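Written out below as structure tokens is the structure these notes cover.
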């Protein structure tokens, strides 16, 4: 992962209030905790999502330049559950093809009085560029290149907090292609901000984090060593197009070296939780029975994803 | 039509209440009559659809694996008229392409707290498979392979009841590709359950029902004989890709042998009604002026289709 | 532009009330002024759009046979802001492919109790054909071939009225491919109806209006002469596929001859406003800094587009 040259400064206004969600760098523990608290309040005692009327006078546009039905659906569902008007803008067929610049499209959508843009784009920093150039519209980053995926990290933190309470004392292992993963990038940042002292990055040579080991972060190529006595295991999805870079000849070899099996899970602490951002490649990065097993919280992550996105929308709209 | 090996048992709970709608086999006359009664209550005295608030706290996903804009629109409109949140999930671009299994997608949608799945799939029995493997989500079959299309049969029954009242004394003719038609399959089942004693299946050799004649069902290859003195004519849509199997060289020959013309309609009882599931191939399975004529109830079927789908959604949601 | 043989008579009922919006020919100054007044009432003192409950019991279908994400979005947003149910019908995959005629599709949608159809089609007069053949559904023309684009003209008039008040005394220049532009066609008609005495059509040879000059309309090939002392400049979008007809070898030459620059803008009256229907080809029909400059009202046009479409929907629904 390259050092982040993309600044999130613009996401806080002069009073330190969150007005965009571009990334987690620059947010305090208080900011993160507030988002998690609002999300928790959107879940009832049985863990079911409540419905909110908070955004019933607002319009939100889903601007997905990179196809992702799944993530788009989560924002659509979250938006509808806050009673917002949601517009899915099909950017494959949009005017941007007709030489209208991206910013013209954004200014036009703003002039249609869309209050919030949810943006996914393959270019790192694109949501920041839009936020800098378009005033008075809240920008919510739904994944930009290999830079950040802040709502994924927040839903992961909400899930960890539900099962493990205290971040400071946790050992958290992240397994997979750390280098190219915006999920890992945002997750590491969130864990650091929330005070986690023992973050372990387990990756093949070539897919490892660029920075050196530091006080809170340790890098491993051997999964068995990395998982030892940890409390939380975050498995990353294998991006198959990256296998070449890490000299991985095929999926079977990846599974042999890095797949999460029951044997490896047994090295972690009893009661350790298993997380995955989905969709799962069963038998590639995770054994099917581990994914469906007692320690898996993968489906709880999905529910929390709706709650966190609702919470962020309400906060950016100034309603929470 | 092959003998049905697909069981609908799971659609009733221990108290006999409908919790999924997978097919009509296994439902009693009381079940069908209840659905038709709820649908009727959703129509006002002028036959216009009322709006309902019954599902205003629920989310419904349209999962169309087989393209059908028309049927998808009817479920979208029905869902919106019950005030549900409707999500159209584009499964062509979805995570199922990324090796996530179908069930993982379904579990994920359930974890997003979707309460009901409307499923169309080219594989017979797929909705049943989902219902068996995913708990606590209502499954509504919108057409599975050549197996069943229960809401189509129910809207047909509602239409017949509006015009003819008593099912027991009716003679109902179904004309076309009986063999491959899920519409015919579900329609025959509904008519039998509601007590119709004279069901006539009119089809070319090769597209006829597999079972032998029985007390209530008679098979005909000659349309003139089959239509004689009947009360209801249900015309099926010609699936052109099936013409080879029945040795039909072209559409003109099909029309000559099986197209519903005024001459043939005159063989039925005066006041017999003409039905078609749409979209019509004018001049192929039905003469244009018969489709638009006084005895045609084709557009009433469309309106009833919304009412029946609203009714089923309300019943599965436990609201009616 | 060919003489209009397409009649809009059907859009007024016997009492002169607007029941469809097909085009502006045949509408009186009172009709247009009423639409603009309703639209103005939908904007608050800061020029922001209000939300209306006027259509909360109605369903509107967006029927876009010609792809236009941008215009479709404006109708979707406008419909949602009036609280209507909006259905986007994907006509590329619809039953019209399966030999169902266009009218059968329309009758089917009407039977689903859709109250209003918003139609865009490449064939001039198609919305009129639908209006003539389908009763009791309001038809809203969102652009038909080179014939008309009435809501675009109405939003342009609303914008002019906000800045310039009185139409009678204005000099309005329209620059670009007048011949093929439904925007120009509808705009000229609106200006004439509202009493504008000095309409100037500036176009290359081959893209000019067919009719001769008359009292209120003057044709120019030279942009500098045409812009002299005008109050309003409406720049048309260059349709690149038309360049051949007008002997324009490339975009640079078009910009050299017809692009709106600050130099040319300076020929107009001080305070003249610059309009464009979007999306802009920067550096082709308009200089980038003119598009973003003080005299540009292009983004106000976008906001007014929502207000005007809301107003037309409310009027056709009999709510305003």
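Glycine is treated like the rest: Cβ placed from N, Cα and C.
TrEMBL: automatically predicted annotations, no manual curation.
Annotation comment: TrEMBL describes A:20-162 as domain 'Aspartate/ornithine carbamoyltransferase carbamoyl-P binding'.
DSSP assigns residue A:71 (carbamoyl phosphate binding site) to a helix in the three-state reduction. Under the heading carbamoyl phosphate binding site, TrEMBL lists A:70, A:71, A:120, A:149, A:152, A:278, A:279.
Annotation for residue A:182 (L-aspartate binding site): same-chain Cβ neighbours under 8 Å, separated by at least 6 residues, are A:143, A:144, A:145, A:146, A:147, A:148, A:149, A:152. Annotation comment: TrEMBL describes A:98, A:182, A:237 as L-aspartate binding site.
When DSSP labels each residue, the domain 'Aspartate/ornithine carbamoyltransferase Asp/Orn-binding' (A:170-315) comes out as 57 helix, 25 strand, 64 coil, counted as helix, strand and coil in that order. Per TrEMBL, the feature domain 'Aspartate/ornithine carbamoyltransferase Asp/Orn-binding' maps to A:170-315.
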Near-site residues: carbamoyl phosphate, ref A:70, A:71, A:120, A:149, A:152, A:278, A:279, CB cutoff 8 A to centroid: A:68, A:74, A:143, A:277
Densest Cβ neighbourhood among A:278, A:279 (binding-site residues), 10 Å radius: A:278
Residue counts (helix, strand, coil, in that order) that DSSP gives for the domain 'Aspartate/ornithine carbamoyltransferase carbamoyl-P binding' (A:20-162): 61 helix, 28 strand, 54 coil
Chain B neighbours, filtered from binding-site residues A:71, A:120, A:149, A:152, A:182, A:279, Cβ-Cβ distance under 8 Å: A:279
Spatial separation of residue A:237 (L-aspartate binding site) from residue A:279 (carbamoyl phosphate binding site) - C-alpha basis, Å: 7
Local confidence of the prediction over the domain 'Aspartate/ornithine carbamoyltransferase carbamoyl-P binding' (A:20-162), expressed as mean pLDDT: 91
Cα within 10 Å of residue A:237 (L-aspartate binding site) - qualifying binding-site residues among A:70, A:71, A:120, A:278: A:278
Sparsest-packed of the listed binding-site residues (A:149, A:237) - C-beta count within 10 angstroms: A:237
Cβ neighbour count (within 10 Å, all chains shown) around residue A:120 (carbamoyl phosphate binding site): 24
Pairwise Cα distance maximum in Å, carbamoyl phosphate-binding residues per record: A:70, A:71, A:120, A:149, A:152, A:278, A:279: 17
